[in-house]
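Note sheet for the following structure.
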Amino acid sequence: MGDFNLALVIVAIIVCVLVFIFNVYLLVNYQHPDDANQAYFPKFVVVLGLSIAAISILMLPADVANRQACRHAIYNGACNLTLPMKDLWLAIYIVDAVLVFFVIPFAMFYYEGDQDKSVGKRLKSALIWVILTAVVCALLLGILYGLVGKVDFTVRHLSSSTSNFPSSWDFSNSQQCIGNGAKQCSAYSANASSETTWTMRSTFPEYVVALATIVGSVLFTIFGGVGIACLPLGLIFSFIRRPKAVITRSQYIKEATELAKKARELKKTADALHQEERSGNKGRKWRKNVKAVEKEVLLLEEDVKALEEMYPQGEKAEAAWAMTVLGYLAKLVLGVLGLIVSVAWIAHIVIYLLVDPPLSPFLNEVFIKLDDIWGLLGTVAFAFFCFYLLLAVIAGATMLGLKIVFITIHPMKWGATLMNSFLFNVGLILLCSISVIQFCATAFAYYAQATAAQEIFGHTLQSLRGIKYLYKYNVFQIAFIVLAGLTFVYYAAFGWRRKKPSGRFQLST
């Protein structure tokens with residue numbers, strides 16, 4: 001067992017280092033050229049946040065492996081010598097909450113501050129906002145923890161009188177206790193009146209994790225439910241809408257002229273909004289106009305990219321067109337594979353979570369059988385399904401940002417992602433990663449049974465006052481399935497259409 005734990009620690013260290021290196025690689029390749037050699041603090045926060053999110057998801061397979069380390073031990077207390085997974089879970093999620101509610105907002109306020117102001121004024125403004133956020137969060141947490149920070153466990157009261165030690169053991173359905181004087185010694189035969197409620201106060205770290213999980217669950221249900229459908233279908237319909245052939249030079253000049261005209265209109269509108277910002281006229285209508293301009297710019301960039309694909313130029317024009325064709329074929333393949341994963345997720349939620357009792361363990365059995373084939377296969381498959389949910393969250397946030405005006409859009413683009421978009425998506429990933437782990441711990445309860453994650457996200461979370469009913473009646477799972485179904489219908493009806501920029505902006509006066 002000691003050797004197993006040592007190997008687990010070594011693997012965990014290696015994985016953490018690889019996750020950190022991979023996140024640095026993502027940052028370097030996704031960052032905008034304007035952020036090169038500057039904005040080092042936001043970059044550090046981005047790498048740290050992505051690493052925490054990835055490690056938190058990988059901790060559940062580690063929790064399962066840690067449980068197995070003492071499964072075959074022959075002496076009592078063997079499990080006390082394994083990794084302290086419960087303490088690690090609470091530590092990682094306290095860090096998660098601090099990053100989401102304090103560090104990332106501070107970095108965003110500082111990065112998006114008025115560039116004409118001095119560094120000191122930008123720091124002061126960011127600190128004021130973060131301190132206000134901290135005070136509000138502390139008050140809410142303190143009041144809620146003091147009033148309803150308790151867990152109510154439903155238990156059965158069992159009792160039995162003492163009896164002489166029998167010379168033979170004779171048990172049956174009618175005789176399940178030792179001696180005839182026993183009252184209730186079997187939970188199965190006890191009547192309903194034996195049920196009672198055992199109340200105790202939860203620890204403050206567990207309560208913080210629980211509330212963060214609720215906030216994340218709301219966002220995860222909305223964005224994840226939409227994203228699990230639009231992620232694969234978006235790739236498939238992107239292949240359907242692909243350019244079928246190279247256009248002529250005259251067609252290229254005509255389309256480029258139209259795009260240039262739209263670009264000039266957007267530039268004029270952006271300058272007018274900038275003037276309004278300088279004059280201090282930053283009302284609700286101004287913010288609405290800014291978001292509308294951002295969405296129009298994003299759609300214009302997509303049009304420019306599509307035009308460049310339809311009319312490749314330069315000495316390697318034929319090679320560029322071939323790569324374009326291969327890229328759309330890759331989107332089709334990834335879309336089909338993603339659709340299979342999405343359908344498997346939805347089927348598993350219905351079969352294992354919404355039907356009582358479950359019809360089948362489904363994906364739980366798949367992971368267990370993969371573990372039997374080779375120890376890491378089940379872990380890799382489990383991690384893939386969890387990471388897929390995070391990708392679905394980002395896809396859903398991007399889609400809803402394009403459709404709903406009050407949701408700010410922060411797309412991730414290779415070589416063109418500003419730090420504020422990075423920070424927004426990292427905050428969203430961190431906040432939803434808590435809910436993803438809770439969701440996976442519930443969906444894969446058979447695979448992750450008797451783990452520290454089950455204790456935190458299963459027993460405690462689902463017994464908290466005021467919160468337990470959301471999980472008792474599967475509110476989040478049902479909403480997730482409904483949103484996924486509506487998104488499937490939407491894409492089936494309108495997914496093949498391509499939204500064009502409207503070019504209309506109402507400026508505040």
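Here the Cβ of each residue, glycine as well, is placed from N, Cα and C on the backbone.
From a predicted model like this one, the values you see are computed outputs, not experimental measurements.
For 249-310, the entry in TrEMBL reads coiled coil.
Per TrEMBL, transmembrane segment is recorded for 6-28 (among others). Within its own chain, the transmembrane segment (6-28) is flanked in space by residues 43, 46-47, 50-51, 54-55, 58, 62, 65-66, 69, 83, 422, which lie at least six positions past its ends and keep a Cβ under 8 Å from the stretch.
Below 8 angstroms of C-beta separation, residues 15-16, 19-20, 23-24, 26-27, 31, 85, 88-89, 92-93, 95-96, 99, 103-104, 107-108, 110-111, 382-383, 386-387, 390, 419, 422-423, 426-427, 429-430, 433-434, 436-437, 440-441, 448, 451, 453 of the same chain, each at least six residues beyond the ends of the transmembrane segment (40-60), sit close to that stretch. Annotated transmembrane segment per TrEMBL: 40-60 (among others), in sequence order.
Here TrEMBL flags 90-111 (among others) as transmembrane segment.
Residues annotated as transmembrane segment in TrEMBL: 123-148 (among others).
Here TrEMBL flags 207-240 (among others) as transmembrane segment. Within its own chain, the transmembrane segment (207-240) has Cβ neighbours under 8 Å at 89-90, 93-94, 96-97, 100, 141, 144-145, 149, 328-329, 331-332, 334-339, 341-342, 345-346, 389, 391-397, 399-400, 428, 431-436, 438-439, 456-457, 460-461, 464, 467, 470, 476, 479-485, 487-488, 491, 495-496, counting only residues six or more beyond its boundaries.
Marked as transmembrane segment by TrEMBL: 332-354 (among others). Outside the transmembrane segment (332-354) by six or more residues, the chain places 228-229, 231-236, 238-239, 360-364, 385, 388-389, 392, 442-443, 474, 477-478, 480-481, 484 with a CB less than 8 A from a CB of the stretch.
Annotation source TrEMBL lists transmembrane segment at 374-402 (among others). Sequence-distant contacts of the transmembrane segment (374-402) (same chain, six or more residues past either end, CB-CB distance under 8 Å): 53-54, 57-58, 60-61, 64-65, 219-220, 222-228, 230-231, 234, 295, 298-299, 338, 341-342, 345, 363, 366-368, 408-412, 425, 428-429, 432-433, 436-437, 439-440, 444, 447, 499.
Marked as transmembrane segment by TrEMBL: 422-447 (among others).
Taken from TrEMBL, the feature transmembrane segment covers 475-494 (among others).
Listed as Cβ neighbours of the transmembrane segment (475-494) (distance under 8 Å, sequence separation of 6 or more from its ends, same chain) are residues 217, 220-222, 224-226, 228-230, 233-234, 237, 342, 346, 349-350, 353-354, 439, 469.
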